[in-house]
Amino acid sequence: MHAHAAPLATPAVRLAGVVRHFGAVRAVDGVDLAIAPGEFFAMLGPSGSGKTTCLRLIAGFEQPDAGHIEIFGDTVEGLPPYRRAVNTVFQDYALFPHLSVGDNVAYGLRVRGIGRSERDRLAGEALAMVKLGGMEARRPAQLSGGQRQRVALARALVVRPKVLLLDEPLGALDLKLREEMQSELKGLQRALGLTFVFVTHDQGEALSMADRVAVFNEGRIVQVGPPEAVYERPATRFVAGFVGSANVLDARQSQALGGPARPCSLRPEKILLLAPGAPGPDGAVLVAAEVTEVSYQGPVRRVSARTSEGLALTAAVPAGTTGIMAGATVRLAVPKDAVRPMEGEE
Amino acid sequence: MTRAPLSLKIAAIGGLAFLHVPLLFILLYCFTTEEKSYAFPPPGFTLKWFGVVWGRADIWAAVGLSLKVATIATVLALVLGTLAAGALARARFFGREPVSLLFVLPIALPGIVTGIALRQAFGLMEIPFSVWTIVLGHATFCIVVVYNNAVARLRRLSPSLIEASMDLGADAFQTFRLVVLPNIGTALLAGGMLAFALSFDEVIVTTFTAGQQSTLPIWMLSELIRPRQRPVTNVVAVLVILVTFLPILAAYYLTRHGEAVAGSGK
């Protein structure tokens, strides 16, 4: 058992030693995971890292080649999707094109044998919950991307799943809508007290929405924890680079910058650029470096520099810091504790 | 709007004339008084051939047989073709491509080969010729047209629709009835109509598998050899045109608003 996964109650979802191959490809290669009831859980990773396959294993679209899957204590491996108390919001929404919005939402109730008037009432309530009240008669083709997303959400929630699975739920939306839906999803999850498991390749989305994040790489989970822990203390070189950006240091370089003698990460925004003659903060290590590149990125300016020992460092400084040119020599301050050991690296 | 050049208009009119003028001759000679040969212009005008057709039992027997064969072959093709398409549209297994090819082969094969192969097979197995041997012969190519239509539509159907249905609690049968069928319905209608039309006017395979019985096309072919009452075949041909044109027209209007019709949500 991992130290980070010790919820007290029966986990909403538990995976133990789950393996899934496709031919020679080990898409999911020994995943252990426990998701607590009511948790908003993100599975983050690049494409091909196994996060989507993991979600499909929980939904029942894939069966594991080895290992064990439980939903609220019930073993589900071997069960088809229609026998599992989980529902999915698909990446392409998968709305039935031949049914109206109301009939789409009522579909799960219909196959359960619930009568027309009752299911229309429940579907209407579910649509009102996602702010689409009165849209029952429309066709999916007549809706915008954001509205389709809401219909998909209502359709999955109306059958009262114990766990809601979301596959890249915001991937197809434009930036403005995505931010809106982020807070709406979060609010909905809080109001319903439901367990949400969502897959994303967008680290910003995972950090801002999730209670806990599992970072996937090459079919395995490389780190699980609350967003702050994953971001502030990346366990491996991969996490440091995938979740945000980082200066990755070997043992010798870490020591030179005031860290322990092990591989460490150093977030660019922790590094300070000192004005000429200004003192650094207490306990900070000061280094002189020659600027190799400056790029303006809106909120910050990204300064790449090389120290006299040949170490390349990237610092993110407030965008208002002007007058830095490539070729200039600057003084950088690395505060105490900014250099963080990566526990998964030797 | 741009106007088509004159040469293009003439070519279009010429093409249409080439396709449809022969049909007009069929219609014209329904009414001729001359029964041994077709002379232009027809020497006289009469409606008596319609009465003659009405009274001929052999015509009604042939029409009945053709309708029966085409209906059974189409139903068989709809069931088997849809099942085959369902199996082959998306599944990946060893030998999938050869199996798909074998399914489509009967329509590429000359009818005469299919016909003689079936005749020999029936002979070897000592199966007597009957309505059912004709139906089997026709089913070989009817399945292909249904399969082709269904497989094309199934491949365009997003696989996540089927997963969504199962995810929401529908088993395989409910998913087929409530999601797959409404989405491939118009393709099956088109495939079924084509299968019916192919069966209805098939001559070659039927010749080899029919024994003593005459379907309508076989009856027409044998009628050409007879010297008398030639306009009778014309009358039958015109009736066939009417009978086949109406369902095609109906299908056109039904499938024009494909989504709306298929999805009344019952």
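Glycine is treated like the rest: Cβ placed from N, Cα and C.
Marked as transmembrane segment by TrEMBL: B:6-31 (among others).
What TrEMBL lists as domain 'ABC transmembrane type-1' is B:63-251.
Under the heading transmembrane segment, TrEMBL lists B:69-89 (among others).
Residues or ranges marked as transmembrane segment in TrEMBL: B:101-121 (among others).
According to TrEMBL, the feature transmembrane segment maps to B:127-147 (among others).
Long-range contacts of the transmembrane segment (B:176-197) within its own chain (CB-CB distance under 8 A, at least 6 residues past either end) are made by residues 70-71, 73-74, 77-78, 81-82, 86, 141-143, 145-150, 152-154, 157, 161-162, 165, 170, 244, 247-248, 251, 254-255, 258, 261-263. Positions annotated as transmembrane segment by TrEMBL: B:176-197 (among others).
With a cut-off of 8 Å between Cβ atoms, the residues of this chain six or more beyond the transmembrane segment (B:203-222) that come close are 58-59, 61-63, 65-66, 69, 110-112, 114-116, 118-119, 122, 128-131, 133-134, 136-138, 140-141, 233, 236-237, 240. According to TrEMBL, the transmembrane segment annotation covers B:203-222 (among others).
Summarising the annotation, TrEMBL assigns transmembrane segment to B:234-254 (among others). Sequence-distant neighbours of the transmembrane segment (B:234-254) (same chain, 6+ residues past either end, Cβ-Cβ under 8 Å): 23, 26-27, 29-30, 49-50, 52-53, 59, 186, 189-190, 193, 196-197, 200-201, 216, 220, 261.
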